[in-house]
Amino acid sequence: MPQAPETLDGWYSLHLLYAIDWSSLRLVPTEERQTIVDELQTFLNKHEEARTNHVGDHAFYNITGQKADILLWALRPEMKDLNAFENEFNKLKIADFLIPTYSYVSIIELGNYLAGKSDEDPYENPHIKPRLFPELPQSEYICFYPMDKRRNETYNWYMLPLEKRQELMYAHGKIGRQYAGKIKQFITGSVGFDDFEWGVTLFADDPLQFKKIVYEMRFDETTARYGDFGSFYVGHIVTKDNLQDLFAL
């Protein structure tokens, strides 16, 4: 049986996507609607403490297109912490005007294909630890999509020898490293947690970089032969300064 590579796992991850029920929200008096948005802002402010105390983080983005209107991504030390985060959000007044469109449960993951043998605790490595327990960038744009490694009669990633998978992942990683400084990437593993095997979350100040990296990787053997993808969600950051504009009517 082919050898399964070890993974390094960090914070648990929850992507929540919603459509806004504008028709219902439009019926709410202006003063009451302002109270609803203020409560949402208080919620977001409160959870910035997780970032400050380094026990998690979150990102909030306005999604482009009709698949969703907002994306809320939360990272926490334990899965039950994600439940608490989601439950608290669902009890906000704004939740009465949100329609869930998609969610994704996973965990920050670093593949160990290329790791050498070492007695060092990787969780204490100053280069690895911030990638497992990250402070999320406040980039202008986000791109999220789930994916699988293909497994069928012709191409089955999981039946490849470890050495071949290592070779392919090395070449795959070289492409990603060319976008250092342009894109910040987070891989979350979801085998046993959700319908796909991984989630990919990209941050950039220029959304064109999302197209460039995904297109270039289409020609990489790892993706061309073994990659299957779900829906792509792209959006612009929601900050304290533009939250009011998002819900303005």
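In case you wondered, yes, glycine gets a Cβ from its N, Cα and C as well.
According to Swiss-Prot, the active site annotation covers Tyr145, on the basis of sequence analysis. Per Swiss-Prot, Fe-coproporphyrin III binding site is recorded for Arg131, Tyr145, Pro146, Met147, Asp148, Lys149, His172, Gln185, and the stated evidence type is sequence analysis.
Known features from Swiss-Prot, placed on the structure.
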| residue | record | Cβ contacts under 8 Å, 6 or more apart |
| --- | --- | --- |
| Arg131 | Fe-coproporphyrin III binding site | Gly10, Ile108, Leu110 |
| Tyr145 | active site | Gly199, Val200, Phe229, Gly230, Ser231, Phe232, Tyr233 |
| Pro146 | Fe-coproporphyrin III binding site | Tyr104, Ser190, Asp194, Asp195, Phe196, Trp198, Gly199, Val200, Phe229, Gly230, Ser231 |
| Met147 | Fe-coproporphyrin III binding site | Phe196, Glu197, Trp198, Gly199, Val200, Gly227, Asp228, Phe229, Gly230 |
| Asp148 | Fe-coproporphyrin III binding site | Phe196, Glu197, Trp198, Gly227, Asp228, Phe229 |
| Lys149 | Fe-coproporphyrin III binding site | Trp157, Tyr158, Glu197, Tyr226, Gly227, Asp228 |
| His172 | Fe-coproporphyrin III binding site | Met217, Asp220, Thr222, Thr223 |
| Gln185 | Fe-coproporphyrin III binding site | Gly176, Tyr179, Val200, Thr201, Leu202, Phe203 |
Name the secondary structure element type, per DSSP in three states, that contains His172 (Fe-coproporphyrin III binding site). helix
